[in-house]
Amino acid sequence: MDKMPAWADVVLIPIISLILAGILSTLVILAIGENPLEAYKLMIEGALMRSAGWGYTLYYATNFMFTGLAVSVAFHARMFNIGGEGQAMLGGLGVALACLFIPWPHWSLAILGSSIGAALFGAAWALIPAYLQAKRGSHIVITTIMFNFIAAALLNYLLVGLLKPAGAMDPATAKFPEPTHLPTFQDMFATAETPLFRGAPANVSFFLALLACLLVWLLIWRTKLGYEIRAFGYSQSGAKYAGISGVKTIIIAMLISGGLAGMMAVNTTQGEAERLILNMTEGAGFIGIAVALMGRNHPFGVLLAAILFGFLYQGGAELALWTSIPRELIVVIQALVILFTGALDNMVRMPLEKLFLALRKKEA
Amino acid sequence: MTLMTKFLGAAAGIALTAGAAAAEPAMIYDLGGKFDKSFNEAAFAGLTRFSEETGTEVREIELQSEAQREQALRRFADAGANPIVMTGFAFGNVLAEVAPDYPDTKFAIIDMVVDEPNVRSVVFNEHEGSYLVGMMAAMASETGTVGFIGGMDIPLIRKFACGYAQGVKAVNGDASVVANMTGTTPAAWNDPVKGSELTKAQISQGADVIYAAAGGTGVGVLQTAADEDILSIGVDSNQNYMHPGEVLTSMLKRVDNAVYDAMIAGADMETGFNVMGVANGGIDYAMDEYNAELVSEEMQTAVDEAKAAIASGELSVHDYTSDSTCPALEF
C-alpha cells in the first residue's frame, strides 16, 4: 500500500513546494528594498491578465512541454537524459535544413517536414549516448551532458561558417522563406475588433506540444512498448526475466526522448525566430528536468508544470521591464522555484509521508 | 478581492498611466549587460547624464533571452515610452518588424541601419578613429611591429582593424601589423583570459603597442600589456585610467553622446541615417592626465592634422564594410 493518497502526491507536494519558494522569494525581494506584493502583482498581470502575456507564457510553456516530456519518457526507463539541450540544438539544425533547402508550398506541410527533421536530428544525437549506455555501460548522465557541449560546438561551427549568409554579423542562418512561417496565435485568434495576442510568439506548435503530451500518455500507459519501458525502469532484472531486451528498451526510450527534445526547435526556430540562431535553446533543455520532476513524469503533470515555468519566465521578463529588480535576482527567484519543486522534493515529501502514516495509524 | 489588493491595484494603475503620460524614454541593453566596461556601459553613461540633467527617470532593461528583444520593444512602445533606444546590431531584424506597428513612437538603434520612417540609425565611422590611434601606435612603437586584438570576427571589427592598419602604414610604411580575433561567437566579447593569451602571443612576435577592440575581452589585453610593460590602446569608452601610464590612448566611440542626443530630443527626435564620425565629434581619441606623458607634442600635432584632414574630407580612410576588402591588412 502507498504511503500517502495519490492526491497528496500530485497536488499537495507541488503546492507546498511552491509556497516555500514563494516565501523565500519574498524575503529576497524585501532584502533588496522592493515591494514583493507589487512584484507578484506585476508578474501575474503581465503573464496572465493580458492575451499577449498568455502568448509569451504559452510560447515558453511549449518549449518546456517538449523538453519535459523528453526527460520523463527517458525517466520511465530510469534513464536520466540531461542532454535535452544538445538534442534541441540538433533539432534546430534539422528544422533549419528542412526549412531552408526544401521549397515547401504551405506551412502545414512545412511543419510536418520540420518536425520530422527536428525529431530525427534530436533522436540521432541521443542515439550515441544510448548505445554507449546499453552496450558499454557508459553512464548516460555523463555522456548526454558531454554531448551538449559537442552539440554547441557543432552548431557554432555551422552557424559561423557554412550556414551564415555572406556579410552578416549575427551567427545565424538566413531567414526561412515565407511559406514556412507558422501562424501565430495572433494570426489564428485575433480579429479586427479584438486584437488578441498582439506580437506574442506563441504559435501553432503549442498544439503540436499538446498532441505530444497525449501521444506520450498513450505510449507509456496504453502500449506494449510503454509497458516494457516502465517494466524495465522498475526492475531491470525483472524485465530481463520477462523477456524484455534491455538494450532495445534503452535505445528506443532514448530515441523517443531525443526526438521530443529536438521538436522543441520547431517552436523556437520555425515559430519564433524564423531563422536558426546560436542560443536558440535558452536553457529549456535543463528546465525540462525540473518540469518532468515537478510533473511526476506524467504528461498531464508536465503540461501543468510547463505552464507554471512559462509563467515564471514571462513574469520574470515583466519584472525586468517595470521594476529595478536586477536580472540576476530574477534568475535567483526562478532558481528558487526550480530548487524547491525539483531538487528538494524529498524535503517536503518525507515529513508529509510521516504525517499521513501517523494519521493512518491513529485511524487503525 | 480585499480592500488591500484593490488599493494596491489602483496605486499601480496610477503609477503606470502616469509613466505613460510623461512619454519618458526607454533604453534596452543587449545580452552583454549594461556593465560591460565598454559598449553598453557607454550607453548607460549617456543615459545617466540625461537623467541627471533633466531629472527624468528612464525605463531600462537588460535582456535575458532572444525572445525578449521583440517583447521589450513592444511593451515599452505600448506603455508610451518615446523614444526607445537600443544598443547593438542584433536588434536590426526585430526592429524592422516592430517599428511599422508603432508609427507614433520613435526608435534609435546604435551600430545598425534600419530603414523605417520612425527609426534613427546611428552608425559610427570607427575606421576613422582607428586610423588616428593607428598613427599614434606606429609613432610610439620602437620595434616597428604593432598588434590588433579584435573581439568577435565580424565585418564591424574588421573595419576597426583595417582603419588601424591604414593609420600605422601612413606613418611607417615598413611597420607590420599583427591582427588576431578572439573568436567567432558572441562569447568572444567577454573572454579576458583569451585576450591575455593573445596579447602574450603578439608580444612574442615583437609587438610593443596593442590595440584592443574587443569589449570585455579588452580588459585582459590591457592588463597583460601593462604587466609585460608594453603600451596598449583602449576602445569605445576612455580606458586610459585603467592602467595609468601604460595605456597610450583610447579610441573613443561616443555611444554616450548618441544615447544622450536621442533622449534629449525626446519624442521630436529626428529620424533617418545618422553617421557619427571625427567630423561631428562622434569619434575621437582620448587625452587626459593618465596618458599625457606618453604622447609627445610631435605625435599629437601629427594626429590632430590627420584628424582635421579627415573632418574636412581631404583624407579618406578606407571602410572595410563598404567592399569587404582592406588595402593595408590581410585577414
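Using the three backbone atoms N, Cα and C, a Cβ is placed for every residue, glycine included.
According to TrEMBL, the features are:
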TRANSMEM  A:12-33  transmembrane segment
TRANSMEM  A:53-75  transmembrane segment
TRANSMEM  A:87-104  transmembrane segment
TRANSMEM  A:110-128  transmembrane segment
TRANSMEM  A:140-160  transmembrane segment
TRANSMEM  A:204-221  transmembrane segment
TRANSMEM  A:241-264  transmembrane segment
TRANSMEM  A:276-295  transmembrane segment
TRANSMEM  A:302-323  transmembrane segment
TRANSMEM  A:329-348  transmembrane segment
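Below 8 A, the CB atoms of the transmembrane segment (A:140-160) and the transmembrane segment (A:87-104) form 3+ pairs separated by six or more positions in the chain. Counting Cβ pairs under 8 Å that are 6 or more residues apart, the transmembrane segment (A:204-221) and the transmembrane segment (A:12-33) reach fewer than 3 and are not in contact. Among the stretches A:53-75, A:87-104, A:110-128, A:302-323, the one making the largest number of Cβ pairs under 8 Å with the transmembrane segment (A:241-264) is A:110-128. Through the fold, the transmembrane segment (A:53-75) approaches residues 45-47, 81-82, 84, 87-88, 184-186, 197, 199-203, 205-206, 208-210, 212-213, 216, 219-220, 229, 233, 253-254, 256-261, 263-264, 267-268, 271-272, 282, 284-285, 287-289, 291-292, 295, 297-299, 302-303, 305-307, 309-311, 313-314, 317-318 of its own chain, all at least 6 residues removed from its boundaries and within a Cβ separation under 8 Å.
Most Cβ pairs under 8 Å to the transmembrane segment (A:302-323), among the stretches A:12-33, A:87-104, A:110-128, A:329-348, belong to A:329-348. Proximity of distant same-chain residues to the transmembrane segment (A:12-33), defined by a Cβ-Cβ separation under 8 Å and at least 6 residues beyond the stretch ends, is recorded for 39, 294, 305, 308, 325, 329, 332-333, 336-337, 339-341, 344-345, 348-349, 352. Within the same chain, residues 66-67, 70, 110, 113-114, 116-126, 147-148, 151-152, 154-155, 158, 163, 173-174, 176-177, 179-180, 257-258, 261-266, 268-270, 275-276, 280-281, 284-285 sit at least 6 positions outside the transmembrane segment (A:87-104) and bring their C-beta atoms closer than 8 Å to a C-beta of that stretch.
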